[in-house]
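Student: Features from TrEMBL:
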- Glu293: active site (ACT_SITE)
- Cys327: active site (ACT_SITE)
- 57-516: domain 'Aldehyde dehydrogenase' (DOMAIN)
Amino acid sequence: MVSLPIALRSFRLVSRLPTMQNPALLSRQMTTDANSVASQLKSSGLLRTQGLIGGKWIDSYSGETLKVYNPSTGEVIADVPCMGQRETNDAISSAYDAYTSWSKLTASERSKYLRKWYDLLIAHKEELGKLITLEQGKPLKEALGEINYGASFIEFSAEEAKRVCGDIIPSALADRRLLVLKQPVGVVGAITPWNFPLAMITRKVGPALACGCTVVIKPSELTPLTALAAAELSIQAGIPPGVLNVVMGNAPAIGDALLTSTQVRKITFTGSTAVGKKLMAGAAETVKKVSLELGGNAPCIVFDDADLDVAVKGVIAAKFRNAGQTCVCANRILVQEGIYEKFANAFSKAVQNMKVGDGFSDDVVQGPLINEAAVTKVESLVQDAVSKGAKVILGGKRHNLGMTFYEPTIIGDTNNEMRISREEIFGPVASLLRFKTEEEAIHVANDTNSGLAAYMFTSSIPRSWRVAEALEYGLVGVNEGIISTEVAPFGGVKQSGLGREGSKYGFDEYLEIKYICMGNIN
């Protein structure tokens, strides 16, 4: 539901796995590597398997647990507590109690805590990267990139904490002074997804803590281990008990507790549009602030005048990172008819060289999908498109590695009425649509309820301005497929969300504005 940072420009294309390799042998090798990594993480103290409430590691009150799986092998990595309403209520109380003292610290003092946390995240980059690959499946190189990206939000928040400024407004009356203060909103409930298990936490928690808020984090039950490791490092950084809490397990029960509590003053969520709408409706009962980063249906427009090499590299980066499992992935690739055949051929040659496999294997650029449900959805979208006239140019089926691996796929001659163009694919499937004119491309691109990210490739500066301004999206990449960075605002329009994350604009989501009128001062 996010993209990787601008620094990750080294997305490499390598030879595909030989089709004659023995899947059973590969599975045994992957299992051995994964077990070795799990043992290393346990020895480092970062493989935490309990929730964090009030600075204490605890199990669920019922004793129930959830299993965390390695998507590459299907094997269990760890059991974590299946928490619910009672644990969440205690986490909220802990955050509420800690808020008074944390919010009264100076911005400089909070900045120092965050800087220590950042330093520890970078110091443990290798272990955290391996943990992400273990529980989420993305290639290790990409996971290490996420650590840099995720840590950058903590670093930026440490720096920006000291720049949260109010205002003085000139008064129309001589004996009055008008002041504006910015104050923390209070306790924040942060609900995060599985596709970026570190970065989606730090992008929310960094500015929240910098502003003086305290947080209750609910990571995805599919990838909670990275969140727990980050929380362990926050403790080592000296962040006081109760400032950062982590609960996981029964998602509806945890969500309800966060929504109904009057002590929680803000909900921040990254995930599907359907769940975002439910959270928005639930937050209305207690009139909480809400920021939502929801689903996308990103168009990627390749004009006739585009540099073909730049377009191919950019579209691959925009489409296939994290096996297509981000909400800013290029969902519809609109190619102008004059360059369509050349682009399709060059694109296919590049994609067929992508190596698929376990994230710990050398030169792998695409790992598995997160679970069987994800593969089933991708299969359904491809089958629907083919049944309506689309053509499979490359791939189009499960990979011979088995499990939840899916072949990098290109589907040609799709149209904007097919499900593959109306729904978020969230998999390694590139859908190509032809168009004739710039006006048609803009119309097709905007013909969706989503409005998160969009991309275009053109050598015309006037066209880049015209189209960028006409696209109804919160993020636009021009001749670039990887556009996210901690210093720029990230967020969508229409049904892709509310608010922004990252940059100085993201801080406003965790602040309230207070006006003070001082009279009779003469």
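Cβ atoms are placed via backbone N, Cα and C, with glycine included.
The structure displayed is predicted, hence computed values, not measured ones.
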Student: Quick one: pull the CA-CA distance for Glu293 (active site) versus Cys327 (active site), whole Å only.
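Tutor: Cys327 (active site) has its Cα 9 Å from the Cα of Glu293 (active site).
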Student: Mean pLDDT, the domain 'Aldehyde dehydrogenase' (57-516)?
Tutor: 98
Student: Would you count the other CB atoms within 10 A of the CB of Cys327 (active site), including those on all shown protein chains?
Tutor: 28
Student: Measure from the Cβ of Glu293 (active site) and count the other Cβ atoms within 10 Å, all protein chains considered.
Tutor: 30
